[in-house]
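Student: Before I ask anything, let me first share the structure, which is written out below as structure tokens.
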Amino acid sequence: MKSRLFDLIVLLTGGLSMNEGNKYSCSNYTEVLSGVPSVVDVDGARCWMEVVNEQLKTENFSNIVKSVEKLERVLENTALNETTSIIVERLVAHIFRAEVNFTGLNISASQDRVTSDSDYVANITVKVHLPKELLKTNENNTIVFCMITSPEKYGPLGILDGRIVGLSVSKKTVLGLQDKVNFSMPLQRPTLESQADKQPSCQFFNFSTREFYQDGCTTEWKRDEGRVICSCDHLTYFAVLMVSPSISESDQEILSYITLIGCSLSLFFLVVTIVLYATQRGTGTDISLKVHINLSVALILLNLHFLPSQQVAALSSSGPCIYVAVLLHYSLLATFTWTAIEGFHLYLLLVRVFNIYVRRYLLKLSLVGWGFPAVIVIVIAIIDKDTYSRVTLHPTKTNGTAVEMCYLSNDVMKLVTTVGLFGLVFVFNLAMLVVTMRRLKSLRTEQTSREKGRARRDTCTVLGITCLLGITWGIIFFSFGQLTTPGLYLFCVLNSLQGFFIFLWFWVFKRKTEDRQPGSDTHSTNTGSA
């Protein structure tokens with residue numbers, strides 16, 4: 001028998017109760033949905049679920065979304081002394097009363113049963129694992145699981161089996177979990193056969209925009225086991241959407257091989273470039289050449305840590321992965337910075353030209369080129385020391401196993417320090433490339449027509465400078481829509497072979513230098529002592 005004291009609390013707080021004499025009736029939808037009660041008993045929560053269940057049959061999607069959002073808060077506000085399950089046709093709810101010293105939670109649900117115990121559940125449609133990190137040891141909260149199945153409403157949206165899963169904690173917003181929430185759903189052969197051109201994608205629903213997004217979620221498609229595993233770093237309503245892949249699996253595999261072969265060749269030729277420079281220092285005193293060598297070193301570090309990243313991520317120990325993640329991020333930032341320095345140096349050579357003296361010019365460039373990335377990495381490590389870790393990539397291998405690598409796991413930091421920084425470098429260096437082409441055009445008009453091969457040399461110069469300035473990295477900004485696949489092929493080929501192109505540039509530069517008189521190679525701008 002329910003406590004009269006509890007009924008009094010419900011009445012005083014304006015909660016919804018289904019006790020005898022209560023003025024609310026589940027048949028009056030408008031009255032039930034008029035507001036979210038601050039406290040509600042189990043019968044009241046069931047009433048809300050019945051209302052939403054009926055709306056799934058008759059109402060439009062917009063009204064259903066509003067009711068589901070309210071239902072989430074109602075379930076969180078349900079007062080109970082023990083874990084409770086509520087099942088109303090299309091809706092399955094499990095309200096777990098978390099104890100102090102929470103150690104994690106596993107939930108298994110079918111359309112007619114849900115449990116967080118170890119009891120067997122037949123025909124499981126959803127399995128959920130909530131990590132220990134979800135609640136602190138001194139907290140005592142309510143964890144809410146809600147599964148809604150409506151193929152006729154959600155199916156047209158591409159949602160697998162028309163099923164969405166809601167996870168929440170009362171009076172708490174959960175974001176940025178390091179140990180992610182995992183849930184799995186079956187993906188049966190009939191679905192695959194009817195949607196052969198689609199692949200699963202784990203996404204969450206944003207109630208503000210009423211759209212699905214992938215941010216913070218990764219997808220692991222286990223084809224052999226016939227299921228999809230989703231890992232997300234926050235709590236809300238989730239679903240598995242069947243979407244058209246941006247690129248086919250065969251293209252993914254080919255691009256992987258292109259990247260592996262190209263980066264390996266680049267690494268080899270960059271090392272050769274450094275060896276040639278070290279053994280012939282007498283003919284390599286030009287400041288421009290030293291800037292090129294620093295860029296080469298940054299690319300060597302980038303390839304050294306990028307190539308083994310997936311293998312290191314597969315290790316059980318997290319230490320090596322953290323090391324690779326930090327160095328990979330640092331070397332990528334250093335590469336971007338040195339390409340920006342290439343653009344700045346080109347500006348001094350082509351625009352300012354004369355009467356320039358910068359004391360300890362190369363030393364100052366080196367402090368920026370190697371110091372600036374170090375500052376960014378250190379600041380990130382101070383803000384969030386766990387952000388350098390394993391990262392699960394969205395593309396999957398043919399066997400459905402998710403691809404992992406060691407890098408920056410925080411999406412905001414990744415966006416700002418990688419895409420944001422390169423965006424600035426790309427715009428600046430693109431402007432420098434335009435200046436270079438205009439300068440070459442003006443020089444060409446000043447030359448006599450007797451110079452054969454001038455156009456060919458100018459073309460080679462522009463292509464070489466394009467490589468040094470990292471302009472080819474900007475192809476990724478234009479790889480969308482119909483250009484996605486060809487853009488990615490172009491991006492992988494040109495950028496994985498960047499080290500090889502720099503070697504060719506260095507070799508041509510070296511040959512031209514050897515044809516000149518000793519000492520004539522020093523640039524007239526006098527950028528100061530190294």
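A Cβ is built for glycine as well, from the same backbone N, Cα and C atoms used for every other residue.
TrEMBL: automatically predicted annotations, no manual curation.
When I checked TrEMBL for this same protein, it listed these features:
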- 1-17: signal peptide (SIGNAL)
- 94-248: domain 'GAIN-B' (DOMAIN)
- 254-277: transmembrane segment (TRANSMEM)
- 255-510: domain 'G-protein coupled receptors family 2 profile 2' (DOMAIN)
- 289-307: transmembrane segment (TRANSMEM)
- 327-350: transmembrane segment (TRANSMEM)
- 362-383: transmembrane segment (TRANSMEM)
- 415-438: transmembrane segment (TRANSMEM)
- 459-481: transmembrane segment (TRANSMEM)
- 487-508: transmembrane segment (TRANSMEM)
Student: Relative to the transmembrane segment (327-350), which of 254-277, 289-307, 362-383, 415-438, 487-508 accounts for the most Cβ pairs at distances under 8 Å?
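Tutor: Checked against 254-277, 289-307, 362-383, 415-438, 487-508; highest Cβ contact count belongs to 289-307.
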Student: Would you mind listing the long-range same-chain contacts of the transmembrane segment (362-383), meaning Cβ under 8 Å and 6+ residues beyond its ends?
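Tutor: Those are 287, 290-291, 294, 298, 326, 329-331, 333-334, 337-338, 341, 345, 408, 410, 413, 417, 527-530, in sequence order.
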Student: Please indicate, using numbers and ranges, the residues of the same chain that are 6 or more beyond the transmembrane segment (487-508) and have a C-beta under 8 Å from a C-beta there.
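Tutor: Apart from its flanks, the transmembrane segment (487-508) reaches 247, 251, 255, 258-259, 261-263, 265-270, 272-273, 276-277, 289, 292, 295-296, 299-300, 303, 460, 464, 467-468, 470, 472-473, 475-476, 478-480.
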Student: Could you pull the average pLDDT for the domain 'GAIN-B' (94-248)?
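Tutor: Average per-residue pLDDT within the domain 'GAIN-B' (94-248): 84.
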